[in-house]
Amino acid sequence: MADEKTFRIGFIVLGLFLLSLGTFLMSHDRPQVYGTFYAMGSVMVIGGVIWSMCQCYPKITFVPADSDFQGILSPKALSLLETGLSEVKSPQPPYVRLWEEAAYDQSLPDFTHIQMKVMGYSEDPRPLLAPELKTGASSVREGEPRTAQAWMEAPVVVHRGSDENEGEKSHSQSSPSVGPQGSAPLASFHDDLDVGSSEGSSLQPSPNRDEPHRQVPWASRGPLDRFSDFALIDDTPTSEDTVLDGQAREAALPRKQQWSLRMKGETVQARAEEPEQEEEDLYYGLPDSPGNPLPDKELGFEPDIQG
């Protein structure tokens, strides 16, 4: 290895010497001589540099796994390899035999005897909660001691919430009155009362506020109507709806009449106070006189009379 390194260095130095010799001969005007030295020196320098660069990388040696080539390695290297392999610990668990795995699978508990029963909220779960001792039927041969396999049953009772039961009851109560479901009806706001009636109702307190609210028992209360402000367009009105609409219109009509009479009185009073001259001053067209709209006296000339 040292001889090879020395040879590479000498090769590069010889190439540099040839380059310097060619430069010296070039000064004496001999082109056929210094060209040869230049070419040889450049080739030797480039080759030596590339050779040195290739030797900087580590060498890869392939060792065959055949037993015939074990004699090539020294006994010291073999001992080092054996000690290194013994020190390395494999992360894998030790090998488990198949019969041990089968025995472990058989030792696991069997959950086939578990049963599930759905109970309502009103049912009593105490009969199920009472522990029962059962003995499993095992095949017992004659002459062998009889071993009783016993286990305890621990039932888990899960009740459905009261909200679900109330929802089911309300659904069952409302289902007979509901007809066959078709297309979903449209919805709209109640616009029977106009703005005037709403303003009049806001000025006058409603008589319904003075009436005490009826106490409705909690049991008879159904789910809250969240869409009470909507009216179904496609839905056919029932008798109760028509009665309620008639009462609302009757209560709204006197308020509307009072408001309209008040507005009419105010407009008549305002018209009486305005002078008629102001109306004539604001008129920009021809006067509404039954006669000639353009009298001759205003024109300032007499029409020609041809007799």
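Easy rule for this one: first residue shown is 1, then count along the chain.
For all residues, glycine too, the Cβ spot is worked out from N, Cα and C.
What you see is a predicted model, and the numbers here were worked out from it, not measured in a lab.
S79 is the residue among S67, S79, S188 that Swiss-Prot describes as phosphoserine. Here the candidates are S52, S107, S183, S220, and Swiss-Prot annotates S107 as phosphoserine.
From S20, S198, S228, the position flagged in Swiss-Prot as phosphoserine is S228. From S162, S197, S239, the position flagged in Swiss-Prot as phosphoserine is S162. Sequence-distant contacts of the transmembrane segment (6-26), counting only residues of its own chain at least 6 positions beyond either end whose CB sits under 8 Å from a CB of the stretch, comprise 33-38, 40-49, 51-52, 55. Cα separation, C54 (S-palmitoyl cysteine) to S107 (phosphoserine), rounded: 65 Å.
Counting every protein chain shown, the number of other Cβ atoms lying within 10 Å of the Cβ of C54 (S-palmitoyl cysteine) is 8.
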